[in-house]
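Participant: Mind having a look at this structure? Questions to follow.
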Amino acid sequence: MGIVYGITGGIASGKSTVSKFISDELGFSVIDADIASRKAVEPGMKANQKIAETFGKQILLHDGSIDREQLGALIFHDKEKRLILNSIVHPAVREYMLQQQEEAFSRGERVVFLDIPLLFESKLTHLVAKTMLIYTDENVQLLRLMERNNLTESEARARINSQMPLAEKKQFADEIVNNNGTITETKQQVINILKKWRVISQ
């Protein structure tokens, strides 16, 4: 059995960039919760069937996939429905991620990373040995999000405020990558952490 590490961050903090570096350049398996949340509800999956049974067949598209826009509109102002949806989706996503993890270990990999945006909020730290937080100052996060998603300042601020502040997440993380600087500086910090964790040799 191998070791599992967690990568987390906030919107536009650079988490995806770090995950891509760990998988593409360092060659480790990174299991992405956002991808898992899409895969877990694909046609033919149990969660897809359960969502259709719970919210009605009208939320399915012609190919059997979930109409995310319609489902989103349905649960947006209804906390109870949102909780019901989460009770279907979250266990299915966890199951999918654990399955991916087991497949990686059965291939002989000894280290796997889980990329989970809501690692702390969803209280999933028990799934990993240690956590790495990709951190940026709020003003840097704001500017990057405005630029990346072509948003106004108030739109970007609303998205950032819908998440636990990165400054608050710091207290829960084992290691913090400061992503205010250049990509080269960020990569070096990641390498230093992985050396410290003995994931890569000195």
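Glycine residues also receive a Cβ, built from the backbone N, Cα and C atoms like all the rest.
Taken from TrEMBL, the feature ATP binding site applies to Ala12, Ser13, Gly14, Lys15, Ser16, Thr17.
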Participant: In DSSP terms, helix, strand or coil for Ser13 (ATP binding site)?
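Facilitator: DSSP assigns Ser13 (ATP binding site) to coil.
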Participant: Which number gives the other C-beta atoms within 10 angstroms of the C-beta of Ser13 (ATP binding site), all protein chains shown included?
Facilitator: 28
Participant: Provide the number of Cβ atoms within 10 Å of the Cβ of Ser16 (ATP binding site), excluding the reference atom itself.
Facilitator: 17
Participant: Hey, for the ATP site built from Ala12, Ser13, Gly14, Lys15, Ser16, Thr17, who else sits with CB inside 8 A of the CB center?
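Facilitator: Here the non-site neighbours turn out to be Gly9, Val18, Ile134, Thr136, Asn179.
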Participant: Once near-sequence residues are set aside, which residues in the chain of Lys15 (ATP binding site), 6 or more away, have Cβ atoms under 8 Å from its Cβ?
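Facilitator: Looking at Cβ-Cβ distances below 8 Å from Lys15 (ATP binding site), excluding near sequence neighbours, one finds Ile7, Thr8, Gly9, Asp115, Pro117, Ile134.
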